[in-house]
Amino acid sequence: MAVLPLSGAIRLSRGDLVIETQTQDPWAKKLITQGTDKACADLDVQQIQALKMKCAMIMFAQYVQGNTFGQVVKMAEAVTDLAKKCTEVDRDNPNCRKPLDWIFLNTICQEDNLPRFTDCCAKKDPERNDCFLSLKNSSRGFISPFERPNAEAACKNYSEHRHSLPGYFIYEVSRRHPFLYAPTILSVAIHYDEMMKDCCRSAEDSTHNLEECFRRQAPKVVKPIREDGLRQEHTCGILKKFGERTIKALKLVQISQRFPKADFFTVTKLVSDIANMHKDCCRGDMLECMRDREEILHYVCTNQDVISSKIKKCCEKPLLQRSECIVNAENDDKPANLSPQVREFIEDKGICERFAQEKDTHLARFLYEYSRRHPEFSAQMLLRIGKGYEDLLDECCKTGSPDNCCSRGEEELKKHIYETESVMKTSCDIYKEKGDYYFQNEYIKFTKQMTTIGSKCCQLSQDKLLPCAEENVSLLVDLVLGEICRRHLTNPINPAVCHCCSSSYALRRPCMGKLEIDENYVPLSLTPDLFTFHEDLCTTEEEKLQHRKQEFGIPLLLSYPMLINLIKYKPQITQEQLTSITVAFTAMREQCCKEENREACFAKEVLVTLSPICS
């Protein structure tokens with residue numbers, strides 16, 4: 001299947017299916033831009049039909065996750081055939097003027113053997129659509145995970161089913177990720193097809209390593225699904241937990257940093273549009289999500305002269321590349337006449353009056369002005385500054401002399417920046433002293449990203465350390481904390497974690513950083529199976545040993561499960577005790593790996609290893 005040179009105007013609108021224009025195919029009208037995009041010239045009728053088919057398959061697979069590939073294809077063909085008939089021979093058909101989501105849901109409801117959706121199909125729109133959305137299930141295990149195929153078998157399958165395989169890939173990804181943005185799925189499908197073509201092209205070449213080829217290229221396919229899915233889940237989690245106001249504040253900060261030359265009106269319009277897009281996307285409404293996304297991109301590129309000088313090349317790209325390009329574009333240069341400070345938000349005599357009359361607008365202007373001046377700060381840090389400013393005005397405007405009260409705001413700000421810099425400096429000191437292994441042990445799940453950030457940022461001077469670390473670390477830490485809080489919802493940890501996850505998004509990281517040992521936690525009992533070791537601990541293969549070292553951490557040479565159980569057994573363990581156990585663990589490993597019955601030796605010597613905390 002040819003790689004589609006998609007243009008910048010994919011628009012699956014909820015408007016009428018038939019539109020009176022020169023373009024006869026209504027879907028084509030929504031899939032092709034208004035004649036300004038040169039890339040559209042590369043889309044022939046067959047490619048447009050293929051693109052419509054893919055979009056329909058994504059929606060049906062996400063809505064009816066249990067359907068077979070054949071059933072999804074059948075429904076997608078029914079919808080695309082209707083679109084074709086509406087423009088050629090049956091323009092007066094009443095269904096041709098129905099919204100697309102009505103047509104999609106009616107197609108599902110006409111299918112047999114779908115008892116799960118009977119109640120939804122009995123409802124009227126928009127309640128029917130909401131019912132369908134509520135049945136989407138993204139939990140692990142709802143659909144069996146992907147099984148990694150043998151490379152040779154995969155290439156054989158590709159050669160025999162080359163034209164249908166990309167569609168099958170779209171189907172499998174869509175039903176496992178019912179909330180994943182359709183543009184992401186379309187994009188990774190292109191990468192998947194390219195990977196299969198490239199790796200299987202030389203399958204008969206004896207010098208060609210198929211496994212290595214797939215191993216090298218698979219991240220281009222898997223990484224966007226995982227990362228975009230995580231970011232989307234994270235954003236939707238913020239929206240659900242903290243509401244639209246928090247999402248708007250976060251986007252206001254990010255857009256102001258990215259486009260410092262854009263005026264306040266333009267920025268707030270983008271903020272509102274993006275917040276509305278996330279509401280539709282987080283509901284799982286793919287049609288509205290794609291329409292919102294396209295309209296935002298169209299607005300940004302149409303008004304790029306007043307938004308940013310860094311996105312011209314992005315706006316010349318096809319849609320699927322355009323969106324990613326703009327998101328990853330560097331921040332535009334700050335206006336030459338931009339003052340270094342925003343003292344008017346502290347010193348202005350009418351500040352309390354404006355705060356009382358238009359609180360959210362005043363705070364938005366402060367965040368906008370402060371963020372566009374400080375691209376070196378993370379979005380989370382700027383939100384904390386905004387929260388501090390709001391609290392300051394809440395307090396000071398109630399007093400008789402707000403001037404004296406507000407003047408201390410600058411000192412509070414300096415203190416917060418200093419504390420943030422100190423955290424970064426401490427982390428880098430640990431990195432420089434202990435190296436990668438210890439750093440990986442501190443951030444077990446996100447090891448590779450953290451060590452990359454450490455090696456990149458910790459070599460810089462102090463004045464450049466904070467910008468580098470804030471930009472890279474804060475997003476990663478924010479994603480980690482978001483995942484912790486989502487897990488806390490289903491498996492509560494303790495009241496302190498609940499407070500950090502619920503009270504304030506902006507203050508979540510410092511709140512988590514100040515958590516103490518849970519005094520109500522009941523330690524695990526010491527049982528024979530709590531610390532068990534097997535022969536694989538004695539591996540001599542360098543690669544496995546290296547992996548195990550990464551798993552153990554340095555200086556704590558303990559396996560990941562043992563480390564967890566150790567802390568659960570002795571939550572108040574000291575650094576001295578950890579050091580003693582490290583030495584004993586190393587000695588135990590060296591001794592028992594020489595024995596004939598290694599596991600019996602481990603079972604006996606583990607008590608000696610744990611003696612520093614058992615005495």
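Cβ coordinates are placed from backbone N, Cα and C, and glycine is handled just like the others.
Taken from Swiss-Prot, the feature disulfide bond covers Cys109-Cys121, Cys120-Cys131, Cys155-Cys200, Cys236-Cys282, Cys314-Cys325, Cys396-Cys405, Cys428-Cys458, Cys457-Cys468, Cys485-Cys501, Cys500-Cys511, Cys538-Cys593, Cys592-Cys601 (among others). Marked as domain 'Albumin 1' by Swiss-Prot: 27-218. According to Swiss-Prot, the feature domain 'Albumin 2' maps to 223-415. Marked as domain 'Albumin 3' by Swiss-Prot on the basis of sequence analysis: 416-609. The N-linked glycosylation site feature in Swiss-Prot is assigned to Asn137, Asn157, Asn472. Taken from Swiss-Prot, the feature signal peptide covers 1-15.
Recorded features from Swiss-Prot, shown on the structure.
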residue : record         : Cβ neighbours (10 Å)
Cys109  : disulfide bond : 15
Cys120  : disulfide bond : 21
Cys121  : disulfide bond : 16
Cys131  : disulfide bond : 17
Cys200  : disulfide bond : 22
Cys236  : disulfide bond : 20
Cys282  : disulfide bond : 20
Cys325  : disulfide bond : 16
Cys396  : disulfide bond : 21
Cys511  : disulfide bond : 18
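Within 10 Å of its Cβ, the residue among the glycosylation sites Asn137, Asn157 with the fewest other Cβ atoms is Asn137. Taking the domain 'Albumin 1' (27-218) as a whole, pLDDT averages 80 in the prediction. Taking Cα separation as the measure, Cys282 (disulfide bond) is nearest to Asn137 of the recorded positions Cys109, Asn137, Cys458, Cys501, Cys592. A simple Cβ count within 10 Å picks out one of the disulfide-bonded residues Cys485, Cys538, Cys593 as the most packed, and that one is Cys485. Fewest Cβ neighbours within 10 Å among the disulfide-bonded residues Cys314, Cys405, Cys592: that distinction goes to Cys405.
Recorded residues Cys236 (disulfide bond) and Cys458 (disulfide bond) have their alpha carbons 32 Å apart, per Cα-Cα distance. The Cα atom of Asn157 (N-linked glycosylation site) lies nearest to that of Cys325, taking the disulfide-bonded residues Cys121, Cys325, Cys601 as the candidates. The secondary structure of Cys592 (disulfide bond), as reduced to three states from DSSP, is helical. Candidate disulfide-bonded residues: Cys458, Cys501. Fewest other C-beta atoms within 10 angstroms, Cys458. Nearest by CA distance to Cys511 (disulfide bond), out of the disulfide-bonded residues Cys131, Cys325, Cys405, Cys485, is Cys485. Just so you know, of the disulfide-bonded residues Cys155, Cys500, Cys601, the Cβ with the fewest other Cβ atoms around it within 10 Å is the one at Cys601. Cys325 (disulfide bond) is 30 Å away from Cys485 (disulfide bond) when you measure Cα to Cα. For the pair Cys325 (disulfide bond) and Cys131 (disulfide bond), the C-alpha distance works out to 35 angstrom. The two recorded residues, Cys109 (disulfide bond) and Cys592 (disulfide bond), have Cα atoms 65 Å apart. Take the Cα of Cys405 (disulfide bond) and measure to each of the recorded positions Asn137, Cys200, Cys538: the nearest one is Asn137. Comparing C-alpha positions, Cys120 (disulfide bond) sits nearest to Cys501 among the disulfide-bonded residues Cys396, Cys458, Cys500, Cys501, Cys593.
The recorded positions near Cys593 (disulfide bond), taking a 10 angstroms Cα-Cα threshold over the set Asn137, Cys314, Cys396, Cys500, Cys601, are Cys601.
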